[in-house]
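Written below as structure tokens is the structure these notes are about.
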Amino acid sequence: MEEGDFSGSEPSEVTDGQNTNTTMTTETHTTTEHQPKPLVVRLLEVHNCDEDEEDEEEEQEEDHEAPKTHKSHEASVSFKSVNSSDSPKASDLPLSCKASDFLGSSKASDPSESFKALQSSESQEDVKDDLFSNAVIRTSPSLMTGYPPQLQLTSLRAHPATRDLVKKCFYSRKRVQDLSRPKKQWGTPDRRLFWGNQEPIRPVSEAALKAPSSKRIEDLAQPRLVSRHYVPNRVQYYYSCGRDSVIWEIPPPALITQPSKRIQKLAKPNRFKTQSLINRENLPGTLRYSDPSPRILRLSIAKGTDPNYIPPKTIQTKISFSTLSAVASPRIVDLAHPRIKIEGLCYERERSELPIRPVAPAALLANPSERTIFLAKSKRVHEDYLPVRDARWPISYAATHPQVSERIQELANPHTRSPTHVVYYDPDVFKVKPSALKAHCSNRVKELAEPIVR
């Protein structure tokens, strides 16, 4: 599509439904080279058309309904292309004046009244559209290309509710961007903290910041002079804020040197303070230290060793000089070496029937003596020895199939006790029968009474 197509204008026709063909041509010359009028010029034109408003309203009432409809449609087109048109016609001036009047009335009145007026104007336009349902509107392409993409001021003036919504959305964009960012972790500072960049807890006054320092403060602010003979043996930190402390390293000569007698004397603690020794003579007699008695002096002497005391023998073994100077023979040196095993702990087996360790042929052919045979036999167990019983042992058939006698049933019944509310004393409770005193236990009872020896 070329630029020449948009330079021309196409006529816009409106046809009513009462078989009346009325053609009105509106030519608007809008090109990309022409710029819209400034805002000040358009405001002056609106102000000038306020005076002729009454005359034009009377003329509009006398006109036919068809021109009214044409004007309404033409007003909608001219309202959308106010900024794009250079020379508006006389028919467009009343409509622009009406828009300015509507804007002024909306500023003077409440927002609710302006909104009602806007609804009434929209309802009138809907009624007109219903009356002329067969109307056809044609718009030239030049108007479409000349319309700027941004929002027009006239549209915002005609609709105050839309203007407030646009302002609200425009100013809330920064808030939406702030909320879209991720939250920072609580407690983490925005910047790294170093010594000297923290804000004070209490604000410093301007007088304190502007106060001149005295000569004494300047002298105290100077660092202490260090002797040229001083050699630091650790890392020097003026401020230890945020740094680890350094342990002093002790040089090796300090560990080897011995202190002098003077240093040893000064290292000992004083038994009494000097002031207490001076004031000691002025103390009363009750507080003075008394001299030791002869008994205390005698007890303070350590006891001597008894003349008949024999000290313990020394455990140290005395080795003779000849033993220390003896020279071992080659055979003794050979026997002193540990026995070397083949392949660690096992020996090579020639045949499977041979033992793991090889046996000498002389040992296999040797005849043992009677003493060796006697010692080779294992010791016998004592006749009364009972082997340790297993944790689980089989239960006999008689124990698994018992038959309860009448006596056992009688003993199985619980003992009947007399009621507690009846007081009964038996005088012969602890009396032993004479027959029980003269009874003799049988050998079987004695045997059962003895514990089993395991």
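Placed from the backbone N, Cα and C atoms, the Cβ positions cover glycine too.
Taken from Swiss-Prot, the feature compositional bias 'Polar residues' covers 9-18 (among others).
Feature annotation from Swiss-Prot assigns compositional bias 'Low complexity' to 19-29 (among others).
Feature annotation from Swiss-Prot assigns compositional bias 'Acidic residues' to 50-64.
Annotation comment: Swiss-Prot describes 65-74 as compositional bias 'Basic and acidic residues'.
Per Swiss-Prot, the feature compositional bias 'Low complexity' maps to 76-87 (among others).
The compositional bias 'Polar residues' annotation in Swiss-Prot covers 106-122 (among others).
Residues annotated as region 'Disordered' in Swiss-Prot: 1-129.
What Swiss-Prot lists as repeat 'THEG 1' is 167-185. When averaged over the repeat 'THEG 1' (167-185), pLDDT in the model lands at 72.
If you look up Swiss-Prot, you'll see 207-226 marked as repeat 'THEG 2'.
Note on the repeat 'THEG 3' (253-272): DSSP counts are 11 helix, 0 strand, 9 coil. Taken from Swiss-Prot, the feature repeat 'THEG 3' covers 253-272.
The annotation repeat 'THEG 4' is assigned in Swiss-Prot to 286-305.
The repeat 'THEG 5' annotation in Swiss-Prot covers 322-341.
Among the features that Swiss-Prot reports, repeat 'THEG 6' is placed at 362-381.
Summarising the annotation, Swiss-Prot assigns repeat 'THEG 7' to 398-417.
Residues or ranges marked as repeat 'THEG 8' in Swiss-Prot: 435-454.
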- Item | the repeat 'THEG 6' (362-381): DSSP-derived helix, strand, coil residue counts | 11 helix, 0 strand, 9 coil
